[in-house]
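Visitor: The structure that follows is given in the form of structure tokens.
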Amino acid sequence: MIGEWLDIGWVNEIPVRGSRTVPVEGGEEIAVFRTSDDRIFALVNRCPHKHGPLSQGIVHGHSVACPLHNWNIALATGEAQGEDKGCTPVIPVKIDGGRVLICRASTLKAAA
Amino acid sequence: MDFQDYQPREGTDEPADRFSGDPREHLVVVGNGMAGCRAVEELLARDAGRYRITIFGAEPHVNYNRIMLSPVLAGEKTFDEIIINGRDWYRDNGITLITDDPIVSIDRASAAVTSRSGRTLGYDRLLIATGSDPFIIPVPGKDLPGVVSFRDMKDVDTMLAAAAKGGAAVVIGGGLLGLEAAHGLALRGMNVTVLHLPGSLMERQLDEAAGWLLKTALEERGQTILTGADTAEIYGDGKVEGVRLKDGREIPASLVVMAVGIRPSVALAREAGLEVGRGIKVDDHMVTSDPSILAVGECAEHDGNVYGLVAPLWDMCRSFADGLTGKANPYRCSATSTKLKVAGLDVFSAGDFSGVGGGCEDIVLRDASRGIYKRLVLQDDRIIGAVLYGDTADGSWYFDLLRKGECVADLRDVLIFGQAFASGGGAADPKAAVAALSDDAEICGCNGVSKGQVLSSIARGAHSLDAVRVTCKASASCGSCTGLVETLLAITLGDDVQAGSKTMCKCTTFTHDDVRREIVAQDMRSIPEVMQKLHWSTPDGCSSCRPALNYYLLCALPGEYIDDQQSRFVNERMHANIQKDGTYSVVPRMWGGLTNPRELRAIADVVEKYNAPMVKVTGGQRLDIFGIRKEDLPAVWADLNAAGMVSGHAYGKSLRTVKTCVGSEWCRFGTQDSTGLGVRIERMTWGSWMPHKFKIAVSGCPRNCAEATIKDFGVVCLDSGYELSVGGNGGIKVRATDLLCRVATEQEALDYCAAFIQLYREEARYLERTAPWIERVGIDYVKQRIVEDEIGREALRARFLFSQGFSQDDPWAQRAEGVAREQHAHMAQFRPARLEEMA
């Protein structure tokens, strides 16, 4: 039986102020971020602007700067910040005993 | 006097106390710690005679304040001073205390508990207050004599015995407990090293900036703090001799304190079949899944939360006691705050200081000279989190505002200055407060500048922050008074204030030049240190300032500064060029544009093996392989490395290429060996990090086939020697070079090149190419530094070559060997179709 949450690994496997990726077969890649205050966020790995891989951007505060054109995306909401408009789907995350779990339904939806 | 007044009777299955003759209900408490005894105190306060009470403790002591173990270790208090309830309290309240005899099982069917020594006792109500167990990381050697946790008085006794012999101690864990243990052991004369796995201390309570301040302060007190330290094993022959880290470092120690965390002690409850999550699940009156069994304290889980702090524990005990005496007082999740002194340093944190992204704002105050850091997190005009370091006086006020969820919109501008200032009526306008200062009030503590001196400086024509800094030195050092000076300018001049030079980014009031100057002047050594000392207004900067700071530190401290990968743009982090579809292109170095069959074969093989859709000759005469996937990069580099090729740094703010023509070796016009010189220049300059990308060319004759006059540094060979020119750019705004000088020998050409690059590295702003830099400072300035000042030129050249000693290693080779492997590999993969089938 598969639960509601997908276990993707240890928190410590994600560099602080960095990210890791989780490809989903047949769909979008998920980017999982770890911020300087040790919180974990996950977004579809695609900037709403020109689809830059957000996982490769500079993580600062609770935002990530897209590596292609420097759009700033809020990790909690997926919303572009400042003058830019656009949104990247957010994947709910939770931490349990040092393991990172991402929401199964949202992951499958993102993959569809 | 013996309070263990109960002895088990032999030969009967019936719990003995059923014959006690006392008609009152019997409350048995498992745990003689802070929660268990507080719960009993609350109960006694409500209805002293209602229950007959027996308390079991695992330790041989009466109830003491566990939080005060640190002062005992540090020698600031004795054990007697931390006792909460002495023997007379138990006696006066008719409580039976059984110490040194933990309960080992609960039999719910017969409502009885059994202790380690074999005592069996019936209960009507059972309170579980077993607290937490220290978490022991499962490394080899964890059971060696000399390895202790920091949880009870026995641990403290072990540590004191070790400290009496002196020597070295290692504390694993840089959280509150670990730091207190380290502080105590240091005060006892031990040489202490703290190992902490995360990158900053007390990361649960503090943000990175406050954690850095704490680390600095502890190091000043003589402790060694290693963050990012991953313990591999504790070694020793029969007893502890030291700790070995995963990176191979060994730290000798005769004592190892494991203080990496605690977890609710639930084994007893779980074996009894109670519902257990992270802790023992309880309702709003602390009743477990068995109505006659209750639980309070760190072992209890309420509404999904477990607590390791005292305040929630007191709340739980009140709800527990009210429930047991028939009153409703449901426990609600406690907002928690931590106010503590670590090694004499004040630290406060409350609520969700980490923020939740959208809609959250940070207000940050950094006062470097006083060692103060304050950060408030606001959402919808309400405080949701606070971190204070150095000055925690307003912690309780902020916590009060947080708990009540009060709207702070009206206070917002002055909130960070604290209650006294914010509630000061007229003083709530910061401008009015500054205007009200007397003329001899000190504005700039670093330079001893008074308000009167700043005002007279403004009166004499200093109409911008920069001008004030230059004329009277206020705000020219640590910058903590910048806001005050700006307010004085605004009060005096109104709209006539001249905007200063552009600040580095929105996180700071300093310009690039200020930051570079201060990094050197104050000998700053890390990004958090710069952010603290220069009053950054954001917790960890932004994508503009972080790469710049990383470069400035790298340039200022060659061989010492540890590069921060997460502050590098993706190209430099991945050592390849990101392209529009998210794949990468790879450019191996071909010295001076030369190549050979082996290299060409290796490139061709890579193109085929990894299905690269395109190979292109670049403007700098190198081959660019396009369409490589991030996860394939290490394998591509390994293949190219195997053919002797190294990274071309085509992705970096660094020396890119040295373009050449064939020169005297083949060309009928060539005057000098331009290809050979190009190779030598590239061998000297490759791998160097710069403010921006940097290109060089060497042409063999004035026909200039290598286009040397639109490069950052160009050499045109002449019959009589070499013409050196600088500041060219073939980019958006084409700019031909300025002539620097002519030199007679190849060696001079190399020396001038090194000196020029170093001047650019040390003085240009990050992301400023040589062309705008030279237009800003003037070619005459550059000539004066490089051509006219022979000693200065030699010093620049020497500094460049020194720094090259650390930077000329191939990043591809390191990565191909597995350094930072995780950046290229996926964390996990999902195949939804198959998952669905399984489900």
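Cβ atoms are placed via backbone N, Cα and C, with glycine included.
Here's the feature list from TrEMBL:
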type: COMPBIAS; residues: B:7-23; note: compositional bias 'Basic and acidic residues'
type: DOMAIN; residues: B:26-300; note: domain 'FAD/NAD(P)-binding'
type: DOMAIN; residues: B:337-405; note: domain 'NADH-rubredoxin oxidoreductase C-terminal'
type: DOMAIN; residues: B:443-490; note: domain 'BFD-like [2Fe-2S]-binding'
type: DOMAIN; residues: B:504-553; note: domain 'BFD-like [2Fe-2S]-binding'
type: DOMAIN; residues: B:579-643; note: domain 'Nitrite/Sulfite reductase ferredoxin-like'
type: DOMAIN; residues: B:652-790; note: domain 'Nitrite/sulphite reductase 4Fe-4S'
type: REGION; residues: B:1-23; note: region 'Disordered'
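Map the listed features onto the structure and describe their local environment.
Guide: Counted with DSSP, the domain 'BFD-like [2Fe-2S]-binding' (B:504-553) comes out as 26 helix, 0 strand, 24 coil.
Across the domain 'Nitrite/Sulfite reductase ferredoxin-like' (B:579-643), the prediction's mean pLDDT works out to 94.
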Visitor: Which listed range (B:26-300, B:443-490, B:504-553, B:579-643) shows the maximal number of Cβ pairs under 8 Å with respect to the domain 'Nitrite/sulphite reductase 4Fe-4S' (B:652-790)?
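Guide: Maximum Cβ contact count belongs to B:579-643.
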Visitor: With DSSP as the reference, give the number of residues of the domain 'Nitrite/sulphite reductase 4Fe-4S' (B:652-790) in helix, strand and coil.
Guide: 55 helix, 34 strand, 50 coil
